[in-house]
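As written in TrEMBL, here are the features:
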- 12-35: transmembrane segment (TRANSMEM)
- 20-308: domain 'Sugar phosphate transporter' (DOMAIN)
- 47-72: transmembrane segment (TRANSMEM)
- 84-102: transmembrane segment (TRANSMEM)
- 108-130: transmembrane segment (TRANSMEM)
- 142-159: transmembrane segment (TRANSMEM)
- 165-189: transmembrane segment (TRANSMEM)
- 201-217: transmembrane segment (TRANSMEM)
- 237-257: transmembrane segment (TRANSMEM)
- 291-308: transmembrane segment (TRANSMEM)
- 319-355: region 'Disordered' (REGION)
- 337-355: compositional bias 'Basic and acidic residues' (COMPBIAS)
């Protein structure tokens, strides 16, 4: 009985810790999205410079990641050669910078709720690009699921009260670049046995993103910022400092969530976060959410839930197959050891006979 109580207590503790990590990640992700919307929206803080905001994030995250990896030795750096960095990290960094730039730009034109609805297309983009790059196997059932998600998002877009074509193109571009980045991580890094946690990812990728973003920044936003600086020199470093700290904390929460639970748990938590953001956008920010919006996103939501369920079942089947193969491997090792012992015994007898 004491053992049972101890087991139940340990299990309960693990469940509480897991839900705590989920709650922290949802809170920080929620905060960063609303914070970015507040800074970029012309009706709020009115600082519509998405490239500059993204560069501030990357510069801040690069500095802290360098301190955590090189100074405080919080995590060990990955063995990264110059050739591997140029062939793998640089393309991933370029895609990441484009994804962040476009997604932050979309907040200027679209509501928070509608952006979350468009983000439901991420599984569709990841699967489609994975099939094109031969990282995923084409399955008609999975593709039908992807079509269902797309139809749901199309219905939500049709019902959007403040539809902006440019904003939609920006967000769809961000989804495509982010999906390509995720697939390339599997192709360029995971296949070579290299895994990057969020801290080492920032350590290697964030400086690369900063460099890539500096090119469009010089051409697009620097002239506007120079004019703004001549008109006023008041920059709220507290706002941008807190915003950057939240962005870095979000990456740390991803490290905790995925490390202590799983990536699938993060996907499920992301669905909960999207509903919370839609509710917050409608009730607090006063974004207009129509009935058609909710019906369309509801269809997409069901498709995403089915996709996560299918992934979970595939993971369980793979784990079961792996466990089933372990006894066979153990029997094979035992037989090899027995044969080796028999051979050694025969050699020993032969040596004794010769002696």
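The backbone N, Cα and C atoms fix where each Cβ goes, glycine too.
Ranked by number of Cβ pairs under 8 Å to the transmembrane segment (108-130), the listed stretches 47-72, 165-189, 201-217 are led by 165-189. Between the transmembrane segment (165-189) and the listed ranges 47-72, 84-102, 201-217, 291-308, the one holding the most Cβ pairs under 8 Å is 84-102. The list of residues near the transmembrane segment (201-217) in space but at least 6 beyond its ends in sequence, with Cβ under 8 angstroms from a Cβ of it, reads 51-52, 54-55, 58-59, 61-62, 64-66, 68-69, 77-78, 80, 85, 89-90, 92-94, 96-98, 100-101, 248, 251. Each residue in the domain 'Sugar phosphate transporter' (20-308) has a pLDDT score, and their mean in this model is 89. By the Cβ criterion (distance under 8 Å, sequence gap of 6 or more), the transmembrane segment (84-102) is counted as touching the transmembrane segment (47-72), at least 3 such pairs being found.
For the transmembrane segment (291-308), the residues of the chain that approach it from at least six positions outside its boundaries are 113-114, 117, 120-121, 123, 142, 145-146, 148-161, 264, 267-268, 271, 275, 278, judged by C-beta separation under 8 angstroms.
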